[in-house]
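Down below is the structure, laid out as structure tokens.
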Amino acid sequence: MSFFFVDLRPMNRSATHIVTEFILLGFPGCWKIQIFLFSLFLVIYVLTLLGNGAIIYAVRCNPLLHTPMYFLLGNFAFLEIWYVSSTIPNMLVNILSKTKAISFSGCFLQFYFFFSLGTTECLFLAVMAYDRYLAICHPLQYPAIMTGRFCGKLVSFCWLMGFLGYPIPIFYISQLPFCGPNIIDHFLCDMDPLMALSCAPAPITECIFYTQSSLVLFFTSMYILRSYILLLTAVFQVPSAAGRRKAFSTCGSHLVVVSLFYGTVMVMYVSPTYGIPTLLQKILTLVYSVMTPLFNPLIYTLRNKDMKLTLRNVLFGMRIRQNS
């Protein structure tokens, strides 16, 4: 009778949660391939840090860049440094590791930062689209609307909303019983692999998480799309070809970043991923989490005259000081 009573009791997490770490398989291959991947991702990580760090340094050093547009760009570069740092350092360690293990708490901490920073990036892209819309469609009202104080509030809103949205759902996911196996066929701790390892289904928690992520992607992408439709309409009404080129140059780079980021993220988290091969899921995740932060400095600096001039002056000044 006592045995029957024990079976009917609610599942005890302390009794069922025997998984203390997860195994991130990463990318398969022999040792030579692993060394190649380690070198490749290390170079990408260093270039990403240098590129985004150069943008931050240029915005801080040049008083002419102390404008809302460049203030947003500097914060966006700062965000990209943290975003790529949430995945690549652990990936590099796992490539060289024989066990490829990550602790239970470390896995969910990476899970939280990865999604929080990704959400913050979506909000930043929407705010940057709003800034470009105001600058091109309402140039006379732009200085009065996009003040330094208002711009600071927008940046604070992006950071706060990005990091306050996921603690509760991720906490509930971490409380699910994980009885084993503990192998994740990915290079990071993501939603689908973790839910697949849970011993008990949690459809409500999973639905809340995906609904929240989908709403963020939907509303920010729709707002960006609306802003660019209005922006392009205003650009085509500019009489001079030089004016149209200048307007396109200020927003073209942002549109490239948005297309690259949202295209891959929506494939992963809005469309069904059950039929997508695991390797393709890893590649898509690499595009928006690793390659986008790498491309952003190139896109923004190569297509922005003020940024190129500032970086050239900074580098030239450094060379003069070194030679003297």
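Placed from the backbone N, Cα and C atoms, the Cβ positions cover glycine too.
Automated prediction, rather than curation, is the source of TrEMBL annotations.
According to TrEMBL, the features are:
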{"type": "TRANSMEM", "residues": "35-58", "note": "transmembrane segment"}
{"type": "DOMAIN", "residues": "51-300", "note": "domain 'G-protein coupled receptors family 1 profile'"}
{"type": "TRANSMEM", "residues": "70-88", "note": "transmembrane segment"}
{"type": "TRANSMEM", "residues": "108-130", "note": "transmembrane segment"}
{"type": "TRANSMEM", "residues": "150-172", "note": "transmembrane segment"}
{"type": "TRANSMEM", "residues": "215-236", "note": "transmembrane segment"}
{"type": "TRANSMEM", "residues": "248-271", "note": "transmembrane segment"}
{"type": "TRANSMEM", "residues": "283-302", "note": "transmembrane segment"}
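The stretches the transmembrane segment (35-58) and the transmembrane segment (283-302) meet in space: the count of Cβ pairs below 8 angstroms, excluding pairs fewer than 6 apart in sequence, reaches at least three. Summarising model confidence by region, the domain 'G-protein coupled receptors family 1 profile' (51-300) averages a pLDDT of 87.
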